[in-house]
Amino acid sequence: MKIDIVSIFPEYFDVLNVSLLGKARQSGLIDMNVHNLRDHAHDRHRTVDDTPYGGGAGMVMKPEPWGEALDSILGADAVASEDSPLVIFPSPAGEVFDQKMARELSLEPALVFGCGRYEGIDQRVFDHTATQARVRLVSIGDYVLNGGEVAVLAMIEAIGRLIPGMVGNPESLVEESHEDGLLEYPSYTKPSVWREREVPPVLLSGNHGAVDKWRHEQQVERTRRVRPDLLPPEQR
Ligand SMILES: C[S@@+](CC[C@H](N)C(=O)[O-])C[C@H]1O[C@@H](n2cnc3c(N)ncnc32)[C@H](O)[C@@H]1O
């Protein structure tokens, strides 16, 4: 998968050199490039923001640096089609990111992320980019961050681990929270007694049917208690 990221803080993405994503970059599974938006601002101060038309608090990201940065990735003459890269602008006003979306996005050959700052990006950037590529505004939850960088890191981590070849044991991905609409069951490892707390005996029984049944019950109980909204109304 090819990933391009545009940000005024490229150093945020240095952490993508470690762990599984770092290995995926080294092995070529992920080809990632981070672009500094300020390289596309040409005044003495490399300005990327200005006051909002219509008044109000805060600053808005200017369209010119964004246009130039995205042209350099997509091509100035690019025309949006089904095969275009998908450009994702993180935004608290976007559709909410979840495991289903992560799975969907893990199948994309090319993703471009545009990290907003301040009060966000001039609307015309979204409108124009939609003529050059496919565009989605995506939120990682109902709260407001200072910038899109942390949101993009979270999305890349969730998407990246689903790319075929990324995780050694792909079965472990299927059993996780949100994969079947339920939260994951509690996990235990050795020793079987720790600080007088025992592992549930069923897990030591060797009876796989009983283990599966117990785990499913735990999933339903935990989901009902913590996230009843994930269950159909008749099961809440
Ligand atoms: C301070 S926020 C701007 C918030 C904007 N004025 C609003 O009310 O929708 C600056 C940037 O942080 C990012 N951001 C903030 N919260 C986010 C969230 N929940 N999900 C994804 N991105 C977020 C976006 O890139 C946004 O442009």
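Going from the start of the chain as shown, residues are counted 1 onward.
Glycine residues also receive a Cβ, built from the backbone N, Cα and C atoms like all the rest.
All annotation found in TrEMBL is predicted automatically rather than curated by experts.
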Notebook entry, point to check: Ile140, Gly141, Asp142, Tyr143, Val144, Leu145 bind S-adenosyl-L-methionine according to TrEMBL; which of Gly116, Gly165, Gly168 goes with them?
Noted result: Gly116
Note to self: If you count other C-beta atoms within 10 angstroms, which of the binding-site residues Ile140, Val144, Leu145 is the most crowded?
What the structure shows: Ile140
Notebook entry, point to check: Pick from Gly116, Gly141, Asp142, Tyr143: which of these binding-site residues has the biggest number of other Cβ atoms within 10 Å of its Cβ?
Noted result: Gly116
Next item on the list: Going by DSSP, give the three-state secondary structure for Tyr143 (S-adenosyl-L-methionine binding site).
Entry: coil
Notebook entry, point to check: Near ligand 1, which of the binding-site residues Gly116, Asp142, Val144 have CB less than 6 Å from any of its atoms?
Noted result: Gly116, Val144
